[in-house]
Amino acid sequence: MSPQTETKASVGFKAGVKEYKLNYYTPDYETKDTDILAAFRLTPQPGVPPEEAGAAVAAESSTGTWTTVWTDGLTSLDRYKGRCYHIEPVAGEENQYIAYVAYPLDLFEEGSVTNMFTSIVGNVFGFKALRALRLEDLRIPPAYTKTFQGPPHGIQVERDKLNKYGRPLLGCTIKPKLGLSAKNYGRAVYECLRGGLDFTKDDENVNSQPFMRWRDRFVFCAEALYKAQAETGEIKGHYLNATAGTCEEMIKRAVFARELGVPIVMHDYLTGGFTANTSLAHYCRDNGLLLHIHRAMHAVIDRQKNHGIHFRVLAKALRMSGGDHIHAGTVVGKLEGERDITLGFVDLLRDDFIEKDRSRGLYFTQDWVSLPGVLPVASGGIHVWHMPALTEIFGDDSVLQFGGGTLGHPWGNAPGAVANRVALEACVQARNEGRDLAREGNEVIREASKWSPELAAACEIWKEIKFEFEAMDTV
C-alpha cells in the first residue's frame, strides 16, 4: 500500500491467521449481569486443545472469522466479541469439555429468538476444529427477557379462563392422526370431551390435507366442543392446529378459530419456525386465544448426547417466543425423558426463578422476572396405570395427555375418557389426603376401579403394557 492510500484503519493491521485463543479465550473475564451465557459440550478434533476449540466457538458465534480482516479496526471488538471464560472436562467422558461462553447483549436483536439462535448456533456447529458440539444451556438475562412478550397468557390466566383449579388438566390426541374425515374426527372429539377430558388435540401433522381440509375440521371440532360443554357444564377446548405453509395462512386459520369462539389453537414451533411462532403468540394474546405448542422435530436436534441442542434450551426459547403449553416428555411412557433432567426443564417452563443445579442439568441460575409460565404437557404411551406417577411427578400445573390411552379403551372413546378422569380425580384426592402416590399409586387406582367399570376395563387391558428402554438423556 502506498503512503498516499494508507488509511487510519489500516495502521497496525497485519494480515494472516491467528489462533482464536489469543483473542477469545479469556479465563479472567468476569461475566456481567447483562451477558447471555452459554454452556457448550465440546468434542475437539484430535490435536486441537480445548482452549482453542472453546475460543473458536466464541469467535465464530460472535465477531470472529478464520483470518484477520482490516475492518476489525473500524469497530471495538473488545465490546462486541464473545468470550470463552471457563472450560472444564466432562466427568466420565474422554475428550469432552464444557466450554462457557459470554456474549454481550448488544449482539442480539430485541425480542427475536430467531436472531439469538442464528448468532449462537447458526454457523459454528459445522466448524472443522470440532468433532461434535452441543449447546447444553443458556442463561438469558432479565435485560433481554424483558424485550419478549413470552406466552400469550400463562398458567394463572389459563386456569381463570377455564375455571379449573387444583388438578392437572386432561387431554387426548385424536387417533388415527391421519385419514379421518372432518365429521368423524369431530365425533371423536365430542366423545372424548363428553367423557370428562378438558382438551382434545390435533396431532402435529394434521394441517390441511385432501382427506380433511382445515376449515372443515375447525367447524366440526367447534360444534363438538360446544355440544360437550352444554352436556357437562365444563369449559372444553380442542387444539386446532394452525400450522401452515406460510405465516399469512397460519394467521388466517387462527382468525377463523377466534371467529368460531374456541379457546385454544396450536402450532408446531420448530417446523413452523420461531418467527412464525412469535407472530402467532402475539396474535393469540391480542385476541384471547390460548396457544398449545407441539415440539415436532425436537429429537432431530436434541437427542444425541454430544451434538445438537438440549431440549432445555429449546424450552427456554419457547417461553421467550410464546406458548401456553408445550410437550415435555413423560418420564414413564414411550417418549424419552429421564426424571431429574425432565423436571429441570419443566421447572424452567413454569417457575419465575430457577437455581443452578447441575444434578438436574441446569448450568445457570435463570431469572424470568415477569415472563408468564408455560404448562408442560406429558404425552406419549401413557395410560391409567401411569396416572399416580404423572400426578406425583408433574403436579397440578401440567397437562396429562392420553391418546391411545383414551381411544384404545375396549368400550370406546367416551368410556376411555371417563376412565382417565376417574383415575385422575382419585389420585388428586389421595394426594390431598396425604397418601404417598409413589408407593400407594396402584392401590389408589384399584380402589377407584371398584366403583368405575370404565376404569376397571382400562386397568385390565393395559396392565401388562411397559416401555422399558434406557433413557439417553442423562447428566
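Cβ from N, Cα, C; glycine included.
Here Swiss-Prot flags PRO3 as N-acetylproline, drawing on sequence analysis.
For LYS14, the entry in Swiss-Prot reads N6,N6,N6-trimethyllysine.
According to Swiss-Prot, the feature active site, proton acceptor maps to LYS175 (among others). For LYS175 (active site, proton acceptor), the Cβ neighbour count at a 10 Å cut-off comes to 16, with all displayed protein chains included.
Annotation comment: Swiss-Prot describes LYS201 as N6-carboxylysine, evidence class sequence analysis. Taking the Cβ of LYS201 (N6-carboxylysine) as reference, residues of its chain lying under 8 Å away and at least six apart in sequence are, in sequence order, GLY171, CYS172, THR173, ILE174, HIS238, TYR239, MET266, HIS292, GLN401, GLY403. DSSP assigns LYS201 (N6-carboxylysine) to a strand segment in the three-state reduction.
Taken from Swiss-Prot, the feature Mg(2+) binding site applies to LYS201, ASP203, GLU204, supported by sequence analysis.
In the three-state DSSP scheme, HIS294 (active site, proton acceptor) falls into the strand class. As annotated by Swiss-Prot, active site, proton acceptor applies to HIS294 (among others).
As annotated by Swiss-Prot, site 'Transition state stabilizer' applies to LYS334.
Within its own chain, ASP203 (Mg(2+) binding site) has THR173, ILE174, LYS175, LYS177, LEU178, ASN241 as residues 6 or more apart in sequence whose C-beta sits under 8 angstroms from its own. For the recorded positions shown (GLU204, HIS294), fewest C-beta neighbours within 10 angstroms: GLU204. Here HIS294 (active site, proton acceptor) is positioned 6 angstrom away from GLU204 (Mg(2+) binding site), judged by their C-alpha atoms. Apart from LYS201, ASP203, GLU204, the residues listed for Mg(2+), the same chain places the Cβ atoms of THR173, ILE174, LYS177, ASP202, ASN205, VAL206, TYR239, ASN241, MET266, HIS294 within 8 Å of the centroid of those Cβ atoms. Classification of LYS175 (active site, proton acceptor) by DSSP places it in coil, neither helical nor stranded.
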